[in-house]
Amino acid sequence: MKYIGAHVSASGGVENAVLRAVEIGANAFALFTKNQRQWKAPALKADTIEKFKRFCKAHQFSPEHILPHDSYLINLGNPEAENLAKSREAFIDEMERANQLGLKLLNFHPGAHLNKISESECLARIAESINIAVDKVPNVIAVIENTAGQGSNLGYRFEHLAEIIDQVEDKNRVGVCLDTCHLFSAGYDISSLESCEQTFSEFERTVGFQYLRGMHLNGSKTPLGSRVDRHHTLREGTIGTDFCKFIMQDDRFDNIPLILETIQPEIWTEEIKFLRTLAK
């Protein structure tokens, strides 16, 4: 079965994200559990946690289909010791928040070397950051998102994801989220059914579908291999819609959250319906 939703607002409290997901006809969703542009946030209140869990149960959202995203400020591969420690502390807090809400996944961008350390050194720091976090917080899987490769961000090659996973001690506590806009911008062609087959076969060989815990379904405003991260709606932009058909008709993408981060929230309901029409 396909679980489709969007990254909905948690404004006014995380429990409201559940209701916003219901409004757009979703059976999966993503959210921030705190302000994503601040390092620190007030602790989640007991009544907020209770409401979130109650609303999820009432609307039949299971933890495997909810994909919280961490703060954009966090860089788990930071070359500077002080900033790395700050990022790790913030990431552990994000993991704890997800765990308090009964969630099983935490989606994050791997990190950037800032042109101060080598790629392999940065990837090793990211893996070490995951090891530290999962050692401190139980239950939650660290879900690495592939990137567009903008600036010095790593994670734009499948080999980067594999190198991080290889250095994570508990393989049950690490996973991957593939963003279609990022894939295309990083140079992985998904504009036809044939190119999708090639790209996802390469993912299987390099990383493995056993690690795929979620996807972000986005169109792109920029051409193949641009290394620029600019999302578009599903049916506009440079990729086309064959990738949507491929994903909706391939059972390797069953039972994971398929999340829209497309640029017009007012058409999310229609985009979800469109995806459902493509399913077998």
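Cβ coordinates come from backbone N, Cα and C, glycine included.
Predicted, not measured: the structure shown is a model, and the values here were computed from it.
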Residue from Asp170, Asp179, Asp189 that Swiss-Prot also lists as binding Zn(2+) 2 with Glu145, His216, Glu261: Asp179
Per Swiss-Prot, member of His109, His113, His231 binding Zn(2+) 1 alongside His69, Glu145: His109
DSSP three-state assignment (helix, strand or coil) for His216 (Zn(2+) 2 binding site): strand
Number of other Cβ atoms within 10 Å of the Cβ of His109 (Zn(2+) 1 binding site) across all protein chains: 25
Rounded Cα-Cα span from His109 (Zn(2+) 1 binding site) to His216 (Zn(2+) 2 binding site), Å: 13
Cα separation, Asp179 (Zn(2+) 2 binding site) to Asp229 (Zn(2+) 3 binding site) (Å, whole number): 10
